[in-house]
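What TrEMBL says about this protein:
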type: ACT_SITE; residues: HIS37; note: active site, proton donor
type: BINDING; residues: 30-37, 149-152, 186-189; note: ATP binding site
type: BINDING; residues: GLN61, GLN155; note: (R)-pantoate binding site
type: BINDING; residues: GLN61; note: beta-alanine binding site
Amino acid sequence: MKSLTTVNDLRALRREWSKQGKVVGFVPTMGNLHDGHLQLVHAAKAKCDEVVVSIFVNPLQFGKNEDLDNYPRTLDADKAKLEAAGVAAVFLPSVAEMYPRGLEQQTFVQVPGISDILCGASRPGHFRGVATIVCKLFNMVAPDIAFFGEKDFQQLQVIRLMAKDLSMNLEIIGVPTEREASGLAMSSRNGYLTDAERELAPQLYKLISEMKASVLAGNNDYAALTEAFVGKINHAGFKTDYLAVKNATDLSDADAETESLVILVAAYLGTTRLIDNLYFSV
Ligand code: AMP
């Protein structure tokens, strides 16, 4: 596996692959890799001749009081996992390589509307940072197919809209959320949880699964249902940031007529913010 730190080296490798007619897959990450990330790699390996994974903790998508400085960095272990998974190249740019003119001067990509609700409302500027870095990485890697987790359901929608609006010449594939046996969605941020919080954490998935069951049983008063489950989630020991039933196709508000639904939740356990979602049809 090649470890590349500069855009020039990455482009040189990409040119070789283009000459050889290779289909190139791309998996962007912030590192601290777990089995969820590896599912994306496996999906990429299954569809592509060569797979590039980037590891870059993107300062542009973190708010002022967020966990940028403490974000877990486990580069050696990450590289070993990627090598074992058959990744051709890992791209490890510095902040200066990605933002040579500095963060303040950086041109942004902003996907309107969808970037301002749910996680975007709680984390102003987050999706602008995500769209900008993903756009830049797409321009560097020039992948044929890029892979994103459904764990970050709203992020996946933001990326899909960006690619469509900016006529990007690639396919975006969403990969199902990888969970622990308890149901807890795998996340690098799970490492922040204390032992006691880790015991509690799977309740979040259990409660949104209960909510889904209630919808499937015919409950379509989503306002009342959401209010009831915010109470349950808080009672279980979380502090709910948001809980919403949305139209899974565009994240508009769902009503009784909506067939394709997604339940999205963000909740704090102590200081750790966990997100999860479930999508389904009625
Ligand atoms: P991150 O390193 O958190 O930025 O995540 C990199 C990619 O991995 C994103 O596309 C995430 O949606 C995806 N991902 C993170 N956790 C999971 C999971 N539990 N299952 C599937 N994909 C995931």
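Including glycine, each Cβ sits where the backbone N, Cα and C put it.
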> Cα-Cα separation of ASN32 (ATP binding site) and GLN61 ((R)-pantoate binding site), in Å?
Replying inline: 17
>> Can you go through the binding-site residues ASN32, HIS34, GLN61 and pick out those with a C-beta less than 6 angstroms from ligand 1?
In response: none
> At the Cα level, what's the spacing in Å between SER188 (ATP binding site) and HIS37 (active site, proton donor), rounded?
Replying inline: 10
>> What whole-number Å value do you get for the CA-CA distance of HIS34 (ATP binding site) and GLN61 ((R)-pantoate binding site)?
In response: 21
> Same-chain residues six or more away whose CB lies under 8 A from the CB of the residue listed as 'active site, proton donor'?
Replying inline: VAL27, THR29, VAL53, GLY149
>> I need the CA-to-CA distance for MET30 (ATP binding site) versus GLN155 ((R)-pantoate binding site), whole Å please.
In response: 14
